[in-house]
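What follows is a short report on a single structure.
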Amino acid sequence: MGRGWGFLIGLLGAVWLLSSGRGGQQSSETAAQRCFCQVSGYLDDCTCDVETIDRFNNYRLFPRLQKLLESDYFRYYKVNLKRPCPFWNDISQCGRRDCAVKPCQSDEVPDGIKSASYKYSEEANNLLEECEQAERLGAVDESLSEETQKAVLQWTKHDDSSDNFCEADDIQSPDAEYVDLLLNPERYTGYKGPDAWKIWNVIYEENCFKPQTIKRPLNPLASGQGKSKENTFYSWLEGLCVEKRAFYRLISGLHASINVHLSARYLLQDTWLEKKWGHNITEFQQRFDGILTEGEGPRRLKNLYFLYLIELRALSKVLPFFERPDFQLFTGNKIQDAENKMLLLEILHEIKSFPLHFDENSFFAGDKKEAHKLKEDFRLHFRNISRIMDCVGCFKCRLWGKLQTQGLGTALKILFSEKLIANMPESGPSYEFHLTRQEIVSLFNAFGRISTSVKELENFRNLLQNIH
């Protein structure tokens, strides 16, 4: 009996030593390696690698882009945060002060921004403002000039077209207000738990082409998570057509980018003297560490890079729209407007020079009828996600969620409007392809958020380098 127990104890001891030896090997791996070792090399469905993106973004693009986004044209965004949730009524509003959004007073917004939604030359703006006024009346007034009547009909056609991927706010609504994005930065607000999970759960489960029988890994609202279900999910994902697979990766990349922002601007100290915001390493690890997330974290980060490539490609393709001499980043300050347009064009030419752009020609190829239906499904699913943003209970999160989904929706609109962009007139309003000021501001700020995420990944990689 004694010898039997001795053998058993010895056996257990050997097992413990072996397992502790493996644990020792794991502990020698730094936290940076656990988060980033798989986030390198080539991205799926792309010919670009992570390292090329890091160098291009962090050293050539990021500083100039941030300067542009600090200008008046891009810092003021008009948004309706009071739109009701179209899907459910039981929204729990976040009562924390960090969830609140401070709108601008009327005299804080430059007059040029308030006067017109479309920014061309002053002469072109006069026509456009007349068009906007007529369109709001709901009919084409026969007393208007023939040119204005034509413009109204063209814009009505544009607004109803199948190229819009988002349900945009009615900026003429009395509930729509200008917000200074620099004074209402995206950062950790404390909005989390079941209410926040519900938003993302509806997005993933009902809008990413996923059947109910396929379970998403690490879904906090689902029970019975396991390795077999993770394998089933990725087997299903890899079996999808490239468009539907890309759709999931875009949403996952957006989710990851938002989580990077929240981890990088976390409330570290809150006293009556000051609030201190900064990098929360633990929060970042909980969201992206390969071990803590059972391999999900690195996948999410790679999807963030995929999202970066998609929006980068859209910006490279929309360059002709901004190059036209009539287009202005119009705020009313002629000197600053001219300088900002020059900076904008410098950034877009830099983006165009990127050597490994994503090739969107594989999207919606093949049979025209099937491709058209797939594109329409793609558009409607994303449009639905833009509506879900009105269900977010934290107003700060709702603001940035609406802006970033509109920005991504605008990028998708650009990618699938190549022929319309190519046929634009060299001067004057473009009736076939058109971007509102709301779309322009959201497009560049949304890309600015992803660019910031890529830059912050370098910061987190350095911070985690000596942590085990």
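In case you wondered, yes, glycine gets a Cβ from its N, Cα and C as well.
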(request) Consult TrEMBL and report which candidate among Cys85, Cys94 shares a disulfide bond with Cys99. (result) Cys94
(request) Disulfide-wise, see what TrEMBL says Cys394 is paired with, picking from Cys391, Cys397. (result) Cys397
(request) Could you round the CA separation between Arg187 (FAD binding site) and Cys397 (disulfide bond) to a whole angstrom and send it over? (result) 9
(request) Determine the C-alpha span of the FAD site listed in the record, that is the greatest distance between any two of Arg187, Thr189, Trp200, Ser252, His255, Arg287, in Å to the nearest whole number. (result) 21
(message) If you compare CA-to-CA distances from Cys94 (disulfide bond) to each of the binding-site residues Thr189, Trp200, Ser252, His255, Arg287, which comes out shortest?
(response) Thr189
(request) Quick one: of the disulfide-bonded residues Cys99, Cys394, Cys397, which has its CA closest to the CA of Arg287 (FAD binding site)? (result) Cys397
(message) Using Cβ atoms only, which residues of the same chain lie under 8 Å from Ser252 (FAD binding site) while being at least 6 residues apart in sequence?
(response) Arg299, Arg300, Asn303
(message) I need the CA-to-CA distance for Cys397 (disulfide bond) versus Cys99 (disulfide bond), whole Å please.
(response) 7
(message) Measuring Cα to Cα, how far is Thr189 (FAD binding site) from Cys99 (disulfide bond) in Å?
(response) 6
(request) Given the recorded positions Cys99, Trp200, His255, state which is nearest to Cys394 (disulfide bond) when distance is taken between Cα atoms. (result) Cys99
